[in-house]
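Chemist: Quick one: this structure, given as structure tokens, is what I'll be asking you about.
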Ligand code: 6PG
């Protein structure tokens, strides 16, 4: 009997997915460039299920049942192409190559088109949940042909996380759709972490609440509508003491956030598909600024902290009672900003669906994110319900009845927090830009009218009028009369 699936690339994510498959009763053929890794996996975890040891990709392919399914878990970019190039001549029409890494969706689209020409299926699968999720049940977002999903889906659904008995795995769309949805997941993940970071910073800088105390605040928040994995692990990180110095660990970690690219891709794609993902983009920029350590240092020397602060924060939020009020305000600002980031994420999914011809179903996508992934949160179940009623899809999530009330309820607190951040010089880019997004959407008139006037002035770019159809230009450098163009 051949193996059900082959896994090549046995670094921790690949190894854990292979183990997860084996634990769920699938016969898994293993391959890694360095055979020692394959042996190490079999030595340590061989008893977890049925593994087939192979030394070359040819052996891996040989060992598989047809249609063959080969899951690649290597570094995104060139390494994926290298494995595909080596695999392709070994496979037959109808076989399936699965890329479960964080690949760029445009590359997935290209690879899928190439391989389709050769009669092969290429499935770009978004997998979220980190190492632990890969082993015990990740959220899985597969793209590619529906035909390939018929063969692959049941396996993926079996190893995925589940929420109320429903697997957090479903076909999301053709070619790059799976990786696109995972990319947006990561963009939201960036925003989720940034709003948590801003809440932490404001509580610390303006209300003087130390990390260990904040761990309790976040734990408390985790029992509210903010309940989520990232809020939960925030308490754990904040209460961690550094072994070496006894200080809060967060105080000895260098304040420069890394990024592998998925957040940046989300921001770029938002621009490309014409969706204003300001909250997500601002979260990416916040990481970029954090990493400009040298520039931050010299700027700090020129503009030392405290400059432009009218009164001390203590004066404002000094009493215990107002400190508590402030913390509650921050919780609301966090929740409202989080809603905006999800609204933007789903908005860009809608725009991308139209752009790339994917029939993305927002309800399904929300359902996949309810468990297993990094952004898992109670909120996702509410979002799923917001998309449930057929024919009544909200134009933007903020307009779903589930959320309009929440936004209104949070609004005064949200404004107070953004105002306090600006007054006392604490950066809160995502709290502020999310509020600006909300205010922009609801504004009666935007200054874009003036922008249009200026564009027409210097570049004859024309404008439309509010009172009659047509396209117009004012002869700015002549007699300033208007002409229809
Ligand atoms: C997940 C994570 C995972 C990874 C990110 C980290 O869903 O399991 O998103 O994919 O941790 O790629 O990205 P950054 O290094 O860019 O933060």
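Using the three backbone atoms N, Cα and C, a Cβ is placed for every residue, glycine included.
Pulled these from TrEMBL:
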type	residues	note
BINDING	9, 10, 11, 12, 13, 14, 32, 33, 34, 74, 75, 76, 102	NADP(+) binding site
BINDING	102, 128, 129, 130, 185, 186, 190, 260, 287, 455, 461	substrate binding site
DOMAIN	178-477	domain '6-phosphogluconate dehydrogenase C-terminal'
ACT_SITE	182	active site, proton acceptor
ACT_SITE	189	active site, proton donor
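Please go over these features one by one and say how buried each is and what sits next to it.
Modeler: Spatially close to residue 75 (NADP(+) binding site) yet at least six residues away along the chain are 101, judged by Cβ distances under 8 angstroms.
The local packing around residue 461 (substrate binding site), expressed as other Cβ atoms within 10 Å of its Cβ over all shown chains, amounts to 13.
Taken together, the residues in the domain '6-phosphogluconate dehydrogenase C-terminal' (178-477) have a mean pLDDT of 94 on the 0 to 100 scale.
In three-state terms derived from DSSP, residue 182 (active site, proton acceptor) belongs to a helical segment.
Mapped onto three states, the DSSP output places residue 189 (active site, proton donor) in helix.
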Chemist: About how far apart, in whole Å, are the alpha carbons (Cα) of residue 11 (NADP(+) binding site) and residue 190 (substrate binding site)?
Modeler: 24
Chemist: Please list the recorded positions from 11, 13, 102, 189 whose Cβ falls under 6 Å of any atom in ligand 1.
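Modeler: If the test is a Cβ under 6 Å from any atom of ligand 1, the answer is 102, 189.
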Chemist: Taking each of the binding-site residues 32, 34, 102 in turn and counting other Cβ atoms within 10 Å of its Cβ, which one has the fewest?
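Modeler: Relative to the other binding-site residues in 32, 34, 102, 34 has the fewest Cβ atoms within 10 Å.
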Chemist: Determine the Cβ neighbour count for residue 182 (active site, proton acceptor): the number of other Cβ atoms within 10 Å of its Cβ.
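Modeler: Summing over all protein chains shown, residue 182 (active site, proton acceptor) has 29 other Cβ atoms within 10 Å.
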Chemist: If you measure residue 9 (NADP(+) binding site) to residue 189 (active site, proton donor) at Cα, how many Å is it?
Modeler: 25
